[in-house]
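Enquirer: Questions regarding the structure given below will be posed in turn.
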Amino acid sequence: MAESINGLKRTHYAGKISTQQIGKKVTVMGWVQKRRDHGGVIFIDLRDRSGIVQVVFNPDNNERAFKKATELRSEYVIAVEGEVEKRPEGNINPDIPTGEIEIRGNRLRILDESETPPFEIDDDINVGEDLRLKYRYLDLRRPRMKKNLELRHRVMKTTRDYLDDNGFWEVETPILTRSTPEGARDYLVPSRIHPGHFYALPQSPQLFKQLLMVGGVERYFQIARCFRDEDLRANRQPEFTQIDIEMSFIDKEDVFSLVNGLMKRLFALVDIEIPEKIPVMPYQEAIDRFGSDKPDLRFGMELKDVSDVVKDSEFRVFSGVVKDGGQVKGINFKGGAISPRSKIDGYTDYVKIFGAKGLAWIALKENGLKSPIAKFLSEKELEGIKEKMGAQTGDLLLFVADKPSIVADALGNLRLKIAREEGLIPDGVYKFVWVVDFPLMEYDEDEGRYVAKHHPFTAPLDEDIPLLDSNPEKIRSKAYDFVLNGEELGGGSIRINNKDLQMKVFNALNISEEKASDKFGFLLEAFNYGAPPHGGIAFGLDRLLMVLSGSESMRDVIAFPKTQKASSPLTEAPSTVAEKQLRELHIKID
């Protein structure tokens with residue numbers, strides 16, 4: 001039967017007890033990890049959030065406590081009073097911090113009993129994630145999960161302290177706001193007081209943080225909850241957390257300096273040192289060299305343009321594409337010439353996923369070239385290709401010929417696939433880069449209009465503003481992304497702070513003056529009253545924690561995450577609601 005804590009006070013956390021406490025009386029509280037009966041003595045591994053300590057119950061020491069210890073089972077909640085002793089020489093456990101000591105149990109209280117858990121409370125378990133999420137409160141008892149939650153706390157506290165030291169104010173922005181033209185993936189909340197009207201949960205605090213700058217706050221941050229009702233891919237959540245930052249009277253270099261300092265502190269929490277200066281790479285260079293605006297710099301295999309070499313080739317697949325304004329690029333898989341044809345065929349199928357029509361290849365074997373296209377290329381063209389690609393005997397050259405966007409997408413992804421499969425990515429290496437000068441907008445063929453590459457409040461580069469009326473697709477923006485090892489950790493921009501320029505950008509994006517006024521009127525009105533130059537950045541906290549903790553799943557760094565189907569096995573959300581509630585909200589479901 002469970003006993004009351006009845007004024008008993010914990011004196012130490014289990015995992016913090018050391019040889020310094022030998023001879024001292026302690027009180028520890030936690031869960032029974034394991035019970036072992038050995039030679040008339042009972043050994044208990046007591047676990048709390050700090051770790052494990054061994055407790056020994058001996059009938060010669062205290063028969064009542066020993067007898068009660070025979071009742072203990074896994075996950076019983078207990079309190080133990082006892083004396084810290086040095087373990088006998090043969091019983092020292094070097095695998096745990098408390099392995100040199102044990103507690104001689106003098107008094108035991110059973111604070112609560114437990115049923116047999118559906119899985120063992122241990123890091124090395126082999127159970128489905130749905131079961132872990134259904135019993136998340138048990139899953140959180142595992143050391144790795146507790147360590148991740150503690151790291152999350154440390155990251156948030158360090159962020160707050162750092163930004164406070166740099167003059168920032170933490171300001172909360174509304175959770176119930178309104179939907180915007182860009183808000184196709186908003187979560188909507190019906191209003192009971194205003195029938196037929198809906199709030200939207202924010203996908204980001206973007207508009208409000210800009211209004212805070214107009215309001216003279218100057219330096220704002222928030223660890224913000226955001227919501228996005230999108231089809232979930234791996235490591236996406238319908239509700240997520242971002243470190244949101246906005247500053248007035250700054251340029252992008254000020255943002256870079258602030259963020260570099262913050263990242264230095266955060267990565268130091270896990271003993272990772274990052275460089276004082278993080279390189280900056282223009283968007284177009286990232287696309288040209290790596291086929292991605294999130295370049296992974298931990299390995300080579302860069303894209304090489306051989307269009308000039310093959311523009312007059314008899315191989316029409318190459319020369320025809322170049323004549324039509326496309327390009328021919330390749331990657332050099334060093335040492336890949338030994339790859340079997342089946343593997344190359346697999347690469348061909350893979351690039352087709354990204355719109356490529358096929359994959360040409362040349363294997364530089366010891367006994368000469370092997371390639372289905374070599375016979376169509378002159379000796380001069382072959383030598384030119386090898387020179388451009390730094391090719392040597394043993395290499396496998398892989399080519400895509402198409403319009404530039406398809407070439408970049410196909411080869412950029414193939415580069416990553418080969419690197420992962422062939423073990424070309426070094427462990428424990430962290431390559432940061434700022435990617436800048438993104439296109440302000442891109443043409444969406446499905447919608448038949450230009451859409452913002454980031455969002456419609458991003459400022460264009462000053463020298464590109466005249467292109468708004470003639471070549472909007474050529475306008476570069478004052479946007480920037482913070483990238484680590486091929487993953488975007490954060491993104492931001494310098495914002496538009498002038499109403500006339502904002503309306504010009506809206507016009508280029510086919511957002512009419514009427515629609516802009518309807519949806520963003522409060523922001524445009526604010527611009528009439530002196531908006532300072534401002535900009536900022538937002539970091540996905542969950543993704544950042546994945547990197548810092550070395551977790552493979554975002555769900556392992558969130559206390560109560562949703563599944564990939566945006567549901568909760570624990571609470572069974574989302575759920576149906578009572579007909580009465582729907583009537584009060586004036587909602588009818590067909």
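The backbone N, Cα and C atoms fix where each Cβ goes, and this holds for glycine too.
Note that this is a predicted model, so its numbers are computed, not measured.
From Swiss-Prot, for reference:
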type: BINDING; residues: Glu182, Arg228, His454, Arg495; note: L-aspartate binding site
type: BINDING; residues: Arg228, Asp229, Glu230, Gln237, Glu488, Gly540, Leu541, Asp542, Arg543; note: ATP binding site
type: REGION; residues: 206-209; note: region 'Aspartate'
type: SITE; residues: His38; note: site 'Important for tRNA non-discrimination'
type: SITE; residues: Gly90; note: site 'Important for tRNA non-discrimination'
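Would you situate these features in the structure and describe their surroundings?
Expert: Listed in sequence order, the residues of the same chain lying 6 or more apart from Arg495 (L-aspartate binding site) and placing their CB within less than 8 Å of its CB are Gln210, Met213, Phe457, Thr458, Ala459, His534, Gly535, Gly536. In the three-state DSSP reading, Arg495 (L-aspartate binding site) counts as strand.
Within the same chain, residues at least 6 positions away in sequence whose Cβ sits under 8 Å from that of Arg543 (ATP binding site) are Asn235, Glu487, Leu489, Met554.
Confidence annotation: the region 'Aspartate' (206-209) carries a mean pLDDT of 95 in the model.
There are 8 other Cβ atoms within 10 Å of the Cβ belonging to His38 (site 'Important for tRNA non-discrimination').
The DSSP secondary structure for Gly90 (site 'Important for tRNA non-discrimination') is helix.
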Enquirer: Inside 10 Å of the Cβ of Glu488 (ATP binding site), count up the other Cβ atoms and send me the figure.
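Expert: Total other Cβ atoms inside 10 Å, all chains included: 15.
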Enquirer: What does the DSSP secondary structure composition of the region 'Aspartate' (206-209) look like, as residue counts for helix, strand and coil?
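Expert: Its residues divide into 4 helix, 0 strand, 0 coil.
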Enquirer: Should Arg543 (ATP binding site) be counted as helix, strand, or coil on the basis of DSSP?
Expert: helix
Enquirer: Looking at ATP and its recorded binding residues Arg228, Asp229, Glu230, Gln237, Glu488, Gly540, Leu541, Asp542, Arg543, figure out the farthest C-alpha pair and report it in angstrom, whole number.
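Expert: If we measure all Cα pairs in Arg228, Asp229, Glu230, Gln237, Glu488, Gly540, Leu541, Asp542, Arg543, the largest is 20 Å.
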Enquirer: List the residues of the same chain that sit at least 6 positions away from Glu230 (ATP binding site) in sequence and have their Cβ under 8 Å from its Cβ, in sequence order, or write 'none'.
Expert: Arg185, Arg236, Pro238
Enquirer: Going by Cα-Cα distance, pick out whichever of the recorded positions His38, Gly90, Glu488, Leu541 is nearest to Arg228 (L-aspartate binding site).
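Expert: So, spelling it out, the nearest of the recorded positions is Leu541.
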Enquirer: In sequence order, what residues of the same chain, 6+ apart, have a Cβ less than 8 Å from the Cβ of Leu541 (ATP binding site)?
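Expert: Result: Arg152, Val155, Met156, Ile223, Phe240, Thr241, Gln242, Ile243.
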